[in-house]
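What Swiss-Prot says about this one:
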DISULFID  Cys39-Cys73  disulfide bond
DISULFID  Cys43-Cys66  disulfide bond
DISULFID  Cys52-Cys71  disulfide bond
DISULFID  Cys56-Cys72  disulfide bond
SIGNAL    1-19  signal peptide
Amino acid sequence: MNITKAYVIFFLVVILTNSLSNSDALASSVIETTKNDVCSTPCTIRYGTFECFQDCILDHFRDGNCINGRCCCKY
């Protein structure tokens, strides 16, 4: 009886853990960056969205923004 109870508890813990995990985090970051053409420089507190945008415009891109910690420029 104790072994069956342990298996049921283990099964429920696995199901609960799986349902609470955020499996969309990686997929959303990949989908979001595929809309951009070049992602190079890491974004920091000192190198933010404004600096990223300026660098992208100076490099003849149409747009630029910090996405997932990287400066991504669009053609």
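Glycine is treated like the rest: Cβ placed from N, Cα and C.
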Exercise. Would you mind reading off the Cα separation of Cys56 (disulfide bond) from Cys73 (disulfide bond), to the nearest angstrom?
Key: 6
Self-check item: Cβ-Cβ distance under 8 Å to Cys43 (disulfide bond), same chain, at least six residues away
Solution: Thr49, Cys52, Cys66, Gly69, Arg70, Cys71
Self-check item: Number of Cβ atoms other than its own within 10 Å, given for Cys72 (disulfide bond)
Solution: 23
Exercise. Mind giving me a neighbour count for Cys66 (disulfide bond)? Other Cβ atoms within 10 Å of its Cβ, every protein chain shown.
Key: 20
Practice problem: Can you grab the distance from Cys39 (disulfide bond) over to Cys72 (disulfide bond)? Cα atoms, rounded to a whole Å. | Solution: 4
Quiz prompt | Cys56 (disulfide bond) CB neighbourhood, other CB atoms within 10 A | solution = 24
Self-check item: Residue with minimal Cβ packing [other Cβ atoms within 10 Å] among the disulfide-bonded residues Cys39, Cys52, Cys71, Cys73
Solution: Cys39
